[in-house]
Amino acid sequence: MPYRVLIVDDSAFYRRRLSSFLEQDPSIDVIGYAVNGEDALNKALALKPDVITMDVEMPVLDGISAVAQIMQKIPTPILMFSSLTTAGAKETLDALEAGAIDFLPKKFDDISRERPQAIRLLQQRVKAIARTPIKSIRPSRPIGLSPRERASQRSVITGQSLKLSPHSSPSQASNKTYKLLVLGASTGGPVALQKVISGLPENFPHPILIIQHMPNTFTKAFAERLDKHAKINVKLAQDNERINKGTAYLAVGGKQLKVTGRGMFAKINICDAPREQKIHFHPSIDFTLDSVKDAFGGDVLSVVLTGMGTDGALGCKLLKSKGGTIWAQDEDSSVIYGMPKAVAESGDCDRVIPIDKIAEHIITEMMKA
């Protein structure tokens, strides 16, 4: 059975182009079109698609409001399209909070010139999120709540009930000492990272590196959003910046984050990977972990969250060889169980944990009395 797709965009040009690109893949069937958010809701209820592609900016009912209503009435995997602007980035993050699964930048050149790489990426994303279990689709937090405003309350955000894994409750902390936490994510990562970061206390004593597959135009807005909902300081990483305790550094999109120096003298280097390494992701979890193993040795906890592909598996293996600790998000709570699966099945993983419990595990493991 082909994947049934509903295309939502107020531009007839984009509707035609997206339909043409998707239907080049025989496993995808475009079953309908909608021109605004209200139309999208009605078509979703009538057609019951496997996937919806959704523009952010539309008349009558915008994409964010449409996502929220669709998630309430007929939960469906949604792929957002967003302009490459600061406003577009913020709106896309709002849509992800409302329940959308993933997003792609709306690049006019790629669409008008029918670039094969862009067409393949679109097809891959649609098919990947079409396989997302409905139980994984939910808003990331109740509307109007901010962890910083409710600092006295329990800050681990819980979603719907998950089947408990062997590590759903924090086990006794190991005897290891730590100097760094690394979090890596891709598809589904913005929501997952917000859950983890917002669950860490204000006095968290270690620096954090966050590697999220994301375009450069989105990372500044994402860093600001994480900081807004966190008790710790979250910022966009800068070149030649000292890595300080209690601060989370989000990797810049389109570049690599490399750690230079050692221990307390470690610094961030924003750079490009050597061409011979043929790295597909910018930033790449593997690239960062390769440098982290030299700067911090085994005094590192690396947690690989939801995402497509295998980025992070090689880096975790390298870190494990130095004595590092490796965790992965569990399948039930992952939007896409690709990257965490690769780590969990590698033989290097020490613990597999539901997303709603990861912050609690980190606190138990890294904040020993």
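Numbers here mean position along the shown chain, with the first residue as 1.
Placed from the backbone N, Cα and C atoms, the Cβ positions cover glycine too.
According to TrEMBL:
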ACT_SITE  SER186  active site
ACT_SITE  HIS213  active site
ACT_SITE  ASP311  active site
COMPBIAS  153-173  compositional bias 'Polar residues'
DOMAIN    4-121  domain 'Response regulatory'
DOMAIN    166-369  domain 'CheB-type methylesterase'
MOD_RES   ASP55  4-aspartylphosphate
REGION    138-173  region 'Disordered'
The one of ASP55, SER186, HIS213, ASP311 whose CB sees the fewest other CB atoms within 10 Å, among these recorded positions: HIS213
Averaged pLDDT score, the domain 'Response regulatory' (4-121): 91
Residue pair HIS213 (active site), SER186 (active site) - Cα distance, angstrom, rounded: 5
The domain 'Response regulatory' (4-121) - residue tally per DSSP class, helix then strand then coil: 57 helix, 26 strand, 35 coil
Distance from SER186 (active site) back to ASP311 (active site), taken between C-alpha atoms, in Å: 9
SER186 (active site) and ASP55 (4-aspartylphosphate), distance between Cα atoms, whole Å: 21
